[in-house]
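Colleague: Got a structure for you, written out below as structure tokens; questions coming shortly.
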Amino acid sequence: MLNLAVLISGRGSNLQALQKNIESGILQGKAQIAVVLANKATAAGLTFAREHGLQTMVCPAEKDVLAGLAKQQIDLICLAGYMRLLSADFVNQYKGKLINIHPTLLPKYPGLHVHEKVLAAGEKESGCTVHYVDTGADTGQIIAQRKVPVLPDDTPETLAARVLEQEHVLYSQVILQIANAVSVL
Ligand code: GRF
């Protein structure tokens, strides 16, 4: 059973998808969310976490995150819409146990405002990526991706929604893959 820490900054739809798959989907018996950490108390995902009986912590600074994580036995840290950059020290401390989900087909379009950039570039497809976190911005080793078409009448919002649906599938698939790999070690 993988013990997860999920780090969020906002609405937490990826957190919700993970928890749904833990309660009644592909992650049942494979993973559990030990703690949800948010950098601000207003992160909407915290409400969902509390309603689902998950332990939550508000950690405005990285030292608070480190202190929060140190209290738990955590196997994997999942960044899910976490909008803070983590220091090299943090990343190195949790190397190989720290993953992120990003709403493009990395290495294309790291950073912010990605759907606007995908549309402006006239891409025919986009998607999402789960990757290990290294000291760069969205540059770590890619674990898996799912693709979606870009449609002629797409807006950043419609494209974001299509990608998000696949994020909700992909993140759990990757965590299952890691859980299965760990259980045979
Ligand atoms: C997702 O699109 C994720 O890929 C990106 O931030 C967004 C977070 O959405 N890193 P949510 O908070 O999980 O709904």
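Heads up, the Cβ atoms here are built off N, Cα and C, so glycines get one too.
Residues or ranges marked as active site, proton donor in TrEMBL: H102. The N(1)-(5-phospho-beta-D-ribosyl)glycinamide binding site annotation in TrEMBL covers G12, S13, N14. Per TrEMBL, the feature (6R)-10-formyltetrahydrofolate binding site maps to M83, R84, L85, L86, N100. Among the features that TrEMBL reports, domain 'Formyl transferase N-terminal' is placed at 3-175. Marked as site 'Raises pKa of active site His' by TrEMBL: D138.
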Colleague: Using a 10 Å cut-off between Cα atoms, which of these recorded positions sit near R84 ((6R)-10-formyltetrahydrofolate binding site): G12, S13, H102, D138?
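Modeller: Near R84 ((6R)-10-formyltetrahydrofolate binding site), where near means Cα within 10 Å, there are no recorded positions at all.
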Colleague: Once the chains shown are all counted, how many other Cβ atoms turn up within 10 Å of the Cβ of R84 ((6R)-10-formyltetrahydrofolate binding site)?
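Modeller: Other Cβ atoms found within 10 Å: 15.
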Colleague: Setting M83, R84, L85, L86, N100 aside, what same-chain residues sit with their Cβ within 8 Å of the center of the Cβ atoms that define the (6R)-10-formyltetrahydrofolate site, listed in sequence order?
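Modeller: My list of surrounding residues reads L7, L79, Y82.
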Colleague: Please list, in sequence order, every residue of the chain apart from G12, S13, N14 whose Cβ lies within 8 Å of the Cβ centroid of the N(1)-(5-phospho-beta-D-ribosyl)glycinamide site.
Modeller: I8, G10, R11, L15, Q16, A17, L18, G45, A80, G81, H168
Colleague: Measuring C-alpha to C-alpha, could you say which of the recorded positions N14, M83, L86, N100, H102 are within 10 Å of D138 (site 'Raises pKa of active site His')?
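Modeller: So the list is N100, H102.
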Colleague: List nothing but the one residue from S13, N14, N100 whose Cβ has the fewest other Cβ atoms within 10 Å; the candidates are the binding-site residues.
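Modeller: Output over binding-site residues S13, N14, N100: least Cβ neighbours within 10 Å is S13.
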Colleague: I'm trying to understand the geometry here, so how far is the Cα atom of G12 (N(1)-(5-phospho-beta-D-ribosyl)glycinamide binding site) from the Cα atom of H102 (active site, proton donor), in Å to the nearest whole number?
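Modeller: About 14 Å separates the two Cα atoms.
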